[in-house]
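According to TrEMBL, the feature region 'Disordered' maps to 1-22. Sequence annotations record features per position, and here TrEMBL assigns domain 'GTP cyclohydrolase II' to 38-189. The GTP binding site annotation in TrEMBL covers Arg69, Leu70, His71, Ser72, Glu73, Gln90, Glu111, Gly112, Arg113, Thr133, Thr168, Lys173. Positions annotated as Zn(2+) binding site by TrEMBL: Cys74, Cys85, Cys87. The feature active site, proton acceptor is assigned by TrEMBL to Asp145. The active site, nucleophile annotation in TrEMBL covers Arg147.
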Amino acid sequence: MSRSSRPGGPAGAGTPSRSAAVRASVPVTLDGPGGPAARLVTFNGLPDPGEHLACLLPGVRPAGAPLVRLHSECLTGDVLGSTRCDCGPQLAEALGRIGAEGGAVLYLRQEGRGIGLYPKLDAYLLQDGGVDTFDANRLLGYGDDHRDYRVAAVMLHALGMTRVRLLTNNPDKVRQLREHGIDVVEVLPTAVHLTTHNARYLAAKAVRAGHHLPLPPEGTA
Ligand SMILES: Nc1nc2c(ncn2[C@@H]2O[C@H](COP(=O)(O)OP(=O)(O)OP(=O)(O)O)[C@@H](O)[C@H]2O)c(=O)[nH]1
Ligand SMILES: [Zn+2]
């Protein structure tokens with residue numbers, strides 16, 4: 001049981017069966033004066049109730065293949081700076097790289113790989129007892145990963161971004177986007193944000209979920 005209980009139901013092929021429309025496109029400036037002028041885009045008609053957001057960075061050329069990241073919400077890492085995971089540094093890296101050439105960060109409300117914040121924190125306690133991130137999910141009665149990226153495909157269709165270069169180390173994001181009609185023409189890895197705090201977490205992602213993370217041999221982090 002690796003990918004179970006996706007809120008969107010079974011995956012289909014080609015164009016997503018449901019379409020969404022842009023609801024609003026709101027200008028913001030990121031990171032203070034001089035930071036990139038971005039647009040935060042909201043949607044009507046998404047296939048799940050999450051308030052998923054697209055952050056469009058300048059220079060977007062939807063007709064080409066813009067650089068895109070699907071970033072799953074991680075309140076502890078993204079907002080509070082927790083070092084248990086690599087989410088905060090990955091988000092900063094994505095905003096920097098995509099801001100430099102134009103593209104989009106889709107901020108997906110998929111906290112805890114889709115199980116939610118409280119269960120993720122329960123899983124952290126189990127991890128402190130020695131199990132890895134995936135076995136902790138299973139001990140709590142969840143699958144390894146509950147994320148359904150159909151919603152991201154629907155958002156990209158609504159934005160007219162159906163050919164993308166994707167910034168990720170996670171092969172499941174690539175596979176699911178393609179299943180849902182997005183032409184992923186290139187996959188670019190993120191940097192490896194390895195610290196002594198997140199070394200076991202990154203190793204589990206590489207070994208258990210096939211993330212492309214070139215890690216040094218155990219014990220040398
Ligand atoms: N259930 C669970 N979720 C976690 C844990 N640590 C981080 N997360 C969540 O994992 C999600 C990020 O997924 P990752 O597996 O780190 O990376 P990814 O997004 O699949 O892959 P990349 O695109 O390469 O970053 C966020 O929603 C985090 O809240 C954990 O220990 N348990
Ligand atoms: Zn995180």
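Backbone N, Cα and C atoms are what each Cβ position is placed from, and that goes for glycine too.
Because TrEMBL annotations are produced automatically, they should be read as predictions rather than curated entries.
Where TrEMBL records a feature, it is marked here on the structure.
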{"residue": "Arg69", "record": "GTP binding site", "CB count, 10 Å": "26"}
{"residue": "His71", "record": "GTP binding site", "CB count, 10 Å": "21"}
{"residue": "Glu73", "record": "GTP binding site", "CB count, 10 Å": "23"}
{"residue": "Cys74", "record": "Zn(2+) binding site", "CB count, 10 Å": "23"}
{"residue": "Cys85", "record": "Zn(2+) binding site", "CB count, 10 Å": "21"}
{"residue": "Cys87", "record": "Zn(2+) binding site", "CB count, 10 Å": "21"}
{"residue": "Glu111", "record": "GTP binding site", "CB count, 10 Å": "19"}
{"residue": "Arg113", "record": "GTP binding site", "CB count, 10 Å": "23"}
{"residue": "Asp145", "record": "active site, proton acceptor", "CB count, 10 Å": "23"}
{"residue": "Thr168", "record": "GTP binding site", "CB count, 10 Å": "22"}
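For the residue listed as 'active site, nucleophile', the count of additional Cβ atoms within 10 Å of its Cβ stands at 23 [all protein chains shown]. When the alpha carbons of Asp145 (active site, proton acceptor) and Arg113 (GTP binding site) are compared, the span between them is 5 angstrom. Listed in sequence order, the recorded positions near Glu73 (GTP binding site) (C-alpha within 10 Å of its C-alpha) are Cys87, out of Cys85, Cys87, Arg147.
In space, Cys87 is the closest of the recorded positions Cys85, Cys87, Arg147 to Arg69 (GTP binding site), judged by Cα positions. Residues Cys74, Cys85, Cys87 make up the record's Zn(2+) site, and a Cβ search at 8 Å around their centroid adds Ser72, Thr76, Gly77, Asp78, Ser82, Arg84, Asp86, Gly88, Gln90 from the same chain. Note on the domain 'GTP cyclohydrolase II' (38-189): mean pLDDT across this stretch is 95. In three-state terms derived from DSSP, Arg69 (GTP binding site) belongs to an extended strand segment. Calculated from their C-alpha atoms, the gap between Thr168 (GTP binding site) and Cys87 (Zn(2+) binding site) amounts to 12 Å.
Taking the Cα of His71 (GTP binding site) as the reference point, the closest of the recorded positions Cys85, Cys87, Arg147 is Cys87.
Look at the residue listed as 'active site, proton acceptor': DSSP puts it in coil.
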